[in-house]
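Enquirer: To start, I am sharing the structure in question, which I have written as structure tokens.
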Amino acid sequence: MVDNYNNNNILPTNTSTTTTTNTTITPTPPLPPPPPISNILDNNNNNNLIKNDIKNDKVAVSNSNVRPSSSSVSYENSDWNKVYNSEREKLHEVNKQILNIKRPSTSIVRVSQLDSARLDEEILDLLRSQFMKIFTFFKPNFIHNFQPEINLVLKSVIYKLSIFNLGTTYGNQLQNLTYRNEKAFDPIRGSDQLNKLTMRQKWLSGLINIGGEWLWTRINRYLINNNWSEHPPNDIRKKFWNFLNFAESAYKALALLNFLTFLFNGKYVTLVNRILHMRLVYAHPTLSRNISFEYMNRLLVWHGFTEFILFIMPLINIDRIKSFLYRLLVKTSFGNSSGNNNNTASNPLQQLQKQQLLIQQQQMALAKCPICMNDPISMPYSADCGHLFCYYCIKTSCMIDSSFTCPRCNSLISNIKRFSIQD
């Protein structure tokens, strides 16, 4: 009877035998624990295999009290080990298939990348316009002579505070973009992996974009000021001039080719970014892109309102409205003044003083055109009421408004005539 059977396969002693001979039974080598394939193998099959092994060992021990040599089941030839090997091969095949699967590439909206570049340019222009106000009282040619150095300082400051410190520009931050070291990117780890730029990439990008532009501008100015293009073709200066022109044309052609490639795959906006493997990717891939049409709606409303005003303005006679309001105000003031005159009729001295004051004001006013206030009146014309106007003023007012009234006496003007001293 078997009392216990542990993992070390220690054989139990047979208590039913009467033999007094002490035999030493060497235990079989311990089996290593099976690898973790419980998710693949069926538990019932494992239990059946273990029970069969135990029965075979018990039969072998009961027949002979010595260690079995040829009848024992070896570890390499056991059934569960064969199943394990077959399942492991299947897992290796699945792993190879997973590695060979082409992962989806990182797709960045091209419009966002172009908008970020445009925002960076506008930030630079804004700072430049503010910075140029410092040199308002300098010599006129100072800004022209040191324009490359001013741009160098401004771009260096912006580059230090943006890409060098943050790894991205301010325009990229507004578009949820950042630079990624595409050379160190591993596609197997997924497109969400973000490799920061190295110091070498940052320094080279600054030297090429900022220092290279300044050096190129200075060289061109020096060559133009010294007339290197007018030397003979065999002169070394002329050859150097031709080489620079060829280099500039080649750079523009490569930049155009890079831009067309960018429109095709959307990877690198500029040629320098492609050379240095600096690609723009989303800083937060899971961030939702909220699009607000509030500004667009407001712009459309004001645009429609402006078009309506421009359409209706020619149909409105502004001068006629002004004349109507003026007549209304004059009638109101005239009625108030007449009421006051009735109240003050009892005081003849005050009434005489007011009449003299009104005569002086009228004499001063007659020297000016009541419409344009020009002094002296140009080509004076008199109306039905006897007041003088400039010919252009009175003629235009009567053509615009057929019921035009005199601004001085509020009487309707129907005829005008040339004023002369004999009149």
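Any Cβ shown, glycine's included, is placed from N, Cα and C.
Got these off Swiss-Prot a minute ago, pasting:
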type	residues	note
REGION	1-46	region 'Disordered'
COMPBIAS	27-37	compositional bias 'Pro residues'
TRANSMEM	110-136	transmembrane segment
TOPO_DOM	137-142	topological domain 'Cytoplasmic'
TRANSMEM	143-168	transmembrane segment
TRANSMEM	198-224	transmembrane segment
TOPO_DOM	225-234	topological domain 'Cytoplasmic'
TRANSMEM	235-265	transmembrane segment
TRANSMEM	293-316	transmembrane segment
TOPO_DOM	317-423	topological domain 'Cytoplasmic'
BINDING	Cys369, Cys372, Cys390, Cys393	Zn(2+) 1 binding site
ZN_FING	369-410	zinc finger
BINDING	Cys385, His387, Cys406, Cys409	Zn(2+) 2 binding site
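Map the listed features onto the structure and describe their local environment.
Expert: Counting only same-chain residues 6+ beyond the ends of the transmembrane segment (110-136), those with a CB under 8 A from a CB of the stretch are 142-143, 150-151, 154-155, 158, 169-172, 174-177, 262-263, 266, 269, 280.
Confidence annotation: the topological domain 'Cytoplasmic' (137-142) carries a mean pLDDT of 82 in the model.
Counting only same-chain residues 6+ beyond the ends of the transmembrane segment (198-224), those with a CB under 8 A from a CB of the stretch are 148-149, 151-152, 155-156, 159, 163-164, 181, 240-241, 244, 272-273, 276-278.
Sequence-distant neighbours of the topological domain 'Cytoplasmic' (225-234) (same chain, 6+ residues past either end, Cβ-Cβ under 8 Å): 240-241.
Long-range C-beta contacts of Cys372 (Zn(2+) 1 binding site), restricted to its own chain and to partners at least six residues apart, with a cutoff below 8 Å, comprise Cys390, Cys393.
Taken residue by residue, the zinc finger (369-410) breaks down under DSSP into 10 helix, 8 strand, 24 coil.
Cβ neighbours of Cys406 (Zn(2+) 2 binding site) (same chain, under 8 Å, six or more residues apart in sequence): Pro370, Ala383, Cys385, His387, Leu412, Ile413.
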Enquirer: For the Zn(2+) 1 site given as Cys369, Cys372, Cys390, Cys393, which other residues of the same chain have their Cβ within 8 Å of the site's Cβ centre?
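Expert: Output for this site, in sequence order: Pro370, Ile371, Met373, Asn374, Ile377, Ser378, Phe389, Tyr392, Ile394.
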Enquirer: Using an 8 Å cut-off from the Cβ centroid of Cys385, His387, Cys406, Cys409, can you name the remaining same-chain residues around the Zn(2+) 2 site, in sequence order?
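Expert: Going along the sequence, the neighbours appear as Ala383, Asp384, Gly386, Thr405, Pro407, Arg408, Asn410, Ser411, Ile413.
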Enquirer: With Cβ-Cβ distances below 8 Å as the criterion, list the same-chain residues six or more beyond the ends of the topological domain 'Cytoplasmic' (137-142) that contact it, or say none.
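Expert: No residues contact the topological domain 'Cytoplasmic' (137-142) from elsewhere in the chain.
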Enquirer: Whole-number Å only: compute the distance from the Cα of Cys409 (Zn(2+) 2 binding site) to the Cα of Cys369 (Zn(2+) 1 binding site).
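Expert: For Cys409 (Zn(2+) 2 binding site) versus Cys369 (Zn(2+) 1 binding site), the Cα atoms are 14 Å apart.
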Enquirer: If you count the other Cβ atoms within 10 Å of each Cβ, which of the binding-site residues Cys369, Cys385, Cys390, Cys393, Cys409 comes out on top?
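Expert: That would be Cys369, with the highest Cβ count within 10 Å.
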Enquirer: In the topological domain 'Cytoplasmic' (137-142), how many residues does DSSP call helix, how many strand, and how many coil?
Expert: 3 helix, 0 strand, 3 coil
